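Over in TrEMBL, the protein carries these features:
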TRANSMEM  B:6-29  transmembrane segment
TRANSMEM  B:41-74  transmembrane segment
TRANSMEM  B:86-108  transmembrane segment
TRANSMEM  B:120-146  transmembrane segment
TRANSMEM  B:171-202  transmembrane segment
TRANSMEM  B:214-234  transmembrane segment
TRANSMEM  B:240-260  transmembrane segment
Amino acid sequence: MENFVPQKRDEIVKVTGIGVKRDGRWLVRGVDMSIGRGEIVTLIGPNGSGKSTTVKTALGILAPDEGRVWRAKKLRVGYVPQKIAMDRSLPMTVSRLMTLTGRHSKPEIARALDITGIGHLSSAQVHSLSGGEFQRALIARAIIGKPDLLVLDEPVQGVDFSGEVALYDLIGRIRDETGCGVLLISHDLHVVMARTDTVICLNGHVCCQGTPDIVAASGEYAALFGPRAAETLAIYRHEHDHAHLPDGSVKDASGHLHFDHHAHGPHCDHDHGPAAKGHGHA
Amino acid sequence: MLESFFTRAIIAGVGLAAVTGPLGSFIVWRRMAYFGDTMAHSAILGVALALFFSINPVAGVFGIAVCVALILGFLQKRGTLSADSLLGLLSHSALALGLVLVSLMPNVRIDLMGLLFGDILAVSVTDLAFIYGGGAIVLGVLAWLWRPMLAGTVSEEIAQAEGLNPERTRLIFMVLLAGLIAIAMKILGVLLITAMLIIPATAARRLANTPEQMAIYAALGGIAAVLAGLWASLHFDTPSGPSIVVAALGVFTITSILPIRSKGAAQ
């Protein structure tokens, strides 16, 4: 039996061997996952691979049929679900949405909306928002309570590519500023890659797990998403910052396609060789 | 003042509309109109059982309405029939069971029209006490649980993830609805209760920017419908319950055609 006491002192959520069964069929089984404060964990996997199920189980929305879920005491959660079926008969302004699950002052609301870039929409009806604006409103709502854990289930639906990059950038910035843990579901490792610490590749069970580099290089990832996806990712890794030329000189990224405007700053810890280092999530 | 039956009717109707507005808003937001209807229909069975066991009909209606809500929740969890079909099953079975049960009691004669359509003009001072006491409890609990209830209406998953226990609030909401049906039964009858839940709330929708506004406008619209309906029933000698519902329809029609600029759209 595995020791269930969290190993890292800053761990906020840990699930061990969880499985969820519906109508006699396992949606997911044997999933281990842990999220630490300030860590961004990304779940990727094809449709129906159990990403949402895993997240909902970790949050206590679903009860696991086997395995255990541990959450830090008094954990404040900010949740952006995949779907919201809000009836059009419910009038709701963006600023009213911010106080859905807790009381917040006007300046707090204004700040949350400013951070997510929708300050000008505070009195707009939620039903009138575009897909991207709605996602931003939901993210603003999730972060306004200063959560210890921010959970986003496919936060970029209905958002175009540049908006997608900006949203992931925003999530990374929120993490940097508040130090919260982030659990993210995405089907696009491509874009989240630069910001994520740990990737868990899911297909009913954990296929592979580790830093983005390790996952991208793994055979399981290629098997799950096809060799093309793995290739694109590998190319992306070398394009997004700078390239090492055969003669040993470094060619900078000017003229290259920029997916992300982060500089090669202190946060950037990716390696340039094939031997990527791990984060200890064996 | 309470000696006039008409004054008592006005006081009763106003008190009721103040409760159906906010509660009805939740019914509309949660798409539970048919559910409310089913609980109301089950009230006939509640009355019949109350007569059979010689208990207070308000208690009988409340008890049966809660039972129907629980049975529905249980059947829904088994998940082979849609909620829609289950409601149809429960709604009309409870209605028919109640009517059959009443006919089997030879020494009991009930006013069937009164049960179905209510009789607000026969409201007693005791009834007023029930309406205002019960109504205050329903509104008080609703105000107390407003935030979790609204959060659960927008997204049960968000409410659950952020620690607001939506399952509990949903259960309490059903109890509140059962309570309202029990106290409204005599005034509006089982067939018109749902009307006062749904129509004022839908009439308020276009005027409101927030859920709270809609709840308040719905209460005010309901009160207006009660006053207009009772006045009309006195003036034209029409049945009072249906007159109130027709007046509510009038309120809905007015707010539907009012030229309202859609506030707060993106500038």
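One-based numbering along the chain as shown.
Using the three backbone atoms N, Cα and C, a Cβ is placed for every residue, glycine included.
Note that the structure is a prediction, hence the values are computed from the model and not measured.
Beyond the ends of the transmembrane segment (B:240-260), by six or more residues, the same chain brings 9, 13, 117-121, 187-189, 192, 195-196, 199-200, 202-207, 221-222, 224-226, 228-230, 232-233 to within a C-beta distance below 8 angstroms of the stretch. The transmembrane segment (B:6-29) shares the most Cβ pairs under 8 Å with B:214-234, out of the stretches B:41-74, B:120-146, B:171-202, B:214-234. In terms of C-beta pairs under 8 Å, the stretch of B:41-74, B:120-146, B:171-202 lying closest in packing to the transmembrane segment (B:214-234) is B:171-202.
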